[in-house]
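Engineer: Pasting the feature list from TrEMBL:
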- A:31-48: transmembrane segment (TRANSMEM)
- A:68-86: transmembrane segment (TRANSMEM)
- A:109-133: transmembrane segment (TRANSMEM)
- A:145-165: transmembrane segment (TRANSMEM)
- A:177-197: transmembrane segment (TRANSMEM)
- A:230-253: transmembrane segment (TRANSMEM)
- A:260-281: transmembrane segment (TRANSMEM)
Amino acid sequence: MTAATVEDRGPGRAWVAGAARLMRIELRRNAMIWMLPVAGVLFWALTYRRSMALAPLWNVRAMTMQSTTIAVFIPTVTGVAAWTGTREARRRLTDLLSVTSRSRWRRQLASWAATTAWALGCYLACVGVLYGVTATQATGSGPPWWPVLVGAASVPALAALGFTAGTVLPSRYTPPLVAMGAFLMFEAGLELVHGAGSPWQISPLVTGPYQLGDYEGLATFYPYLPDLPIAQVIFLVGLTLALLGILGLPSLAGGRWPRLVAAALTVTGVLSAATATALAGTGRLDPHGMIAIPALHNAADDRPVAYTPVCSHTAIPVCLHPAYRAYLGAVSTDLAPLLDELAGVPGAPARIAQTTTTYRWTDDGIDIATSAWTMHGTPPVYTIVLPNQAGEPALSVDQSANRVKGRIARDLVTAVVGGGSDPAQQAVTAGVLKGVRPVLGSEPPDLGRRITPNTPAAVAAQRFAALPVGTRHAWLVVHAADLKAGRITLDQLP
Amino acid sequence: MNIDITDVTRRFGRTRAVAGVTMSAGPGVLGLLGPNGAGKTSLLRMLATVIPPTSGRIRLLERDPGVAAQRRAIRRRLGYVPQHLGYYPSFTVVEFVEYFALLKEVPAAQVPRAVATAVERVGLGDKARARMRTLSGGMLRRAGIAQAIVNDPELLLLDEPTAGLDPEQRVAFRGLLRDLGQTATVVVSTHLVEDVGAACAQVALMDGGRIVFHGTPQELTARGEGRTAAGDAPLERGYSTVLAEARS
């Protein structure tokens with residue numbers, strides 16, 4: 001194909017072909033290539049390893065990914081972009097490049113775009129690995145994409161920040177100073193986040209109520225609220241446009257029209273960023289634990305996500321949200337003897353089901369409430385929450401299960417037998433729990449242990465515990481109501 | 001005329017680097033001679049549209065560089081090698097020249113051939129794939145010239161282009177200059193009088209920001225005949241004579 005035929009197809013196509021060749025050179029010689037291994041190692045150390053230590057829940061891993069990955073990319077991308085921005089001055093090419101007909105702004109945009117492209121590719125590859133591995137482990141709802149989008153919008157903004165700083169201050173000291181300064185600025189900005197209505201939560205490092213952290217109760221039973229991510233994306237796009245626009249404002253940057261376009265971009269970017277920040281300042285704590293921004297809120301996101309629970313095959317099934325499938329065995333297997341024994345006994349639940357938590361902002365911080373640990377409905381359903389749902393520190397699956405098994409046992413036995421000081425109740429409680437006590441750990445601390453040795457109650461408890469399970473179960477089905485009402489004496493126990 | 005400047009001055013603070021230069025030039029090679037601080041580089045930078053004049057009028061390639069659209073049109077047809085050539089060390093020679101070809105808006109389809117031609121013309125064909133950081137000083141200079149001629153310029157401005165070139169390369173470069181001067185206006189700023197004598201059809205001698213002589217090398221040589229001015233060659237004696245007269 002000759003040059004003439006290409007030109008004949010229009011100046012637009014020729015311009016694109018020229019821009020593509022320029023980008024190819026910039027991509028091939030971009031300094032970000034050298035930083036990719038560093039970013040990869042930092043991602044592995046700070047994001048991947050931490051995520052893999054957390055439960056395989058999409059919400060937890062996605063939110064952790066957003067905050068830690070962006071923290072990794074802040075110094076690396078801003079530093080490299082600043083290095084690229086200082087390139088012309090460092091290499092004494094300012095005069096030579098200033099007399100080329102293509103505007104300085106376009107030239108700079110090509111350098112910025114190449115840096116951004118490499119950084120974005122690296123970011124997406126890192127997220128792809130994390131999401132890919134999580135996809136093989138997680139169950140239930142699919143991956144939340146908003147954290148990925150916020151991170152993807154952060155990369156061009158960070159590159160624009162570094163590049164603009166490098167262009168304005170073209171010194172070899174600028175890149176390290178910008179890298180450190182940006183990292184400290186973003187991290188220090190987190191300290192300014194107070195309450196759900198803080199404009200500082202526009203920082204892409206914030207994934208939800210900052211005081212809450214990445215708890216498992218968020219965005220599982222209800223949708224991942226996109227309100228704050230939308231505001232963050234608007235902010236980041238605005239920041240990018242404003243910074244790139246600033247590059248095109250100087251008279252040397254280009255002709256009249258490019259400068260007008262640059263001015264329009266700058267104004268649009270500043271207004272977008274300011275609007276997004278103001279929107280973040282109107283946020284409120286959603287009852288389901290995320291930040292709702294009234295102007296961006298979609299009422300449809302307040303509806304719970306429909307799901308089919310996963311249940312154990314115990315006589316009293318333990319049912320959890322499918323996202324928590326990993327917890328099911330840990331919670332139900334050890335309790336199986338107890339559940340088998342209590343199934344069908346008056347006062348025992350027909351099912352044990354996981355429920356949600358609600359969140360409310362108070363003067364002391366975020367109050368997490370739950371309707372769990374009670375019986376509801378007919379037939380009765382006993383509700384539970386896992387510790388991490390209730391704002392406790394991140395625990396492993398086994399740690400979480402151990403925390404709830406004892407409480408389930410105590411509440412179920414209390415519901416069936418009664419929790420009073422009646423000797424017969426104590427004897428039956430001790431007998432029923434004997435088979436499962438080793439797996440309950442220290443919970444419950446005193447249930448069924450208040451019997452003094454060598455007393456009639458102790459003897460009755462031993463006698464009851466020695467009965468076959470079927471015999472005990474049959475006796476409880478008939479006598480549980482009287483036992484709970486205190487109408488059974490020790491002598492009446494089998 | 002490709003260069004038409006009238007009463008051009010350029011100040012840097014209190015220093016007047018160029019003081020009322022009037023000059024015109026068409027196709028051909030013009031040598032710009034003068035001692036250090038004479039204003040050669042400042043004049044070249046104004047002709048290259050790097051800096052605007054403080055006063056006076058400049059027209060290049062029949063256009064006004066003070067107008068953005070016309071300045072852009074001038075730059076498409078301009079080649080420039082500054083005194084201190086910068087470069088990106090990680091670029092190969094081809095990438096360096098291609099980079100400038102694209103920035104000078106050479107049509108994308110013509111870029112590969114234009115780059116190859118420019119690199120061959122400066123004798124760097126065997127180093128086309130070498131990184132810039134691996135080149136010697138003379139090779140870097142030639143790479144700088146290659147980027148200047150890649151857009152087949154009608155106005156070529158070279159500031160000390162032969163610095164760092166060995167004698168063989170300088171001879172080859174003079175041939176290139178004569179070749180380029182067939183169609184383009186080539187302005188060569190240099191200290192090396194023999195380069196001017198060998199390659200330039202016209203010579204301008206600057207001193208104190210002014211042009212104190214403008215003519216052919218033969219006319220400059222004639223100004224030194226019968227004089228006792230310093231110089232080993234007739235052209236050098238002419239140079240010294242004119243400078244002495246200008247300063248007296």
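The backbone N, Cα and C atoms fix where each Cβ goes, glycine too.
Automated prediction, rather than curation, is the source of TrEMBL annotations.
In the displayed structure, how are the listed features positioned relative to their neighbours?
Structural biologist: Within the same chain, residues 30-32, 35, 38-39, 42-43, 46-47, 50-51, 108, 111-112, 114-116, 119, 123, 126-127, 150-151, 154-155, 158-167, 169-172, 174-176, 178-180, 182-183, 186-187, 204-205 sit at least 6 positions outside the transmembrane segment (A:68-86) and bring their C-beta atoms closer than 8 Å to a C-beta of that stretch.
For the transmembrane segment (A:145-165), the residues of the chain that approach it from at least six positions outside its boundaries are 62-63, 65-66, 69-70, 73-74, 77-85, 108, 111-112, 115-116, 119-120, 123-124, 127, 131, 174-175, 178-179, 182, 204, 207, 224, 226, 229, 232-233, 236-237, 239-240, 243-244, 246-247, judged by C-beta separation under 8 angstroms.
Tertiary proximity for the transmembrane segment (A:230-253) is limited to same-chain residues at least six positions away from its ends with a CB under 8 Å from its CB atoms, namely 98, 103-105, 108-109, 112, 149-150, 153-154, 156-157, 160-161, 163-164, 167, 202-204, 206, 259, 261-277, 279-280, 293, 296.
Sequence-distant neighbours of the transmembrane segment (A:260-281) (same chain, 6+ residues past either end, Cβ-Cβ under 8 Å): 105, 197-202, 228, 231-232, 234-235, 237-249, 253-254, 293, 295-296.
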Engineer: Which residues of the chain, 6 or more past the ends of the transmembrane segment (A:109-133), have a CB below 8 A from one of its CBs?
Structural biologist: 19, 22-23, 26-27, 30-33, 36, 39-40, 43, 47-48, 51-52, 61-62, 65, 69, 73, 76-77, 80-81, 84-85, 87, 143, 148, 151-152, 155-156, 158-160, 163, 244, 247
Engineer: Who are the long-range neighbours of the transmembrane segment (A:177-197) in its own chain, taking Cβ under 8 Å and residues 6 or more past its ends?
Structural biologist: 70-71, 74-76, 78-79, 82, 158, 161-162, 165-166, 203, 205-206, 209-210, 281-285, 291, 361
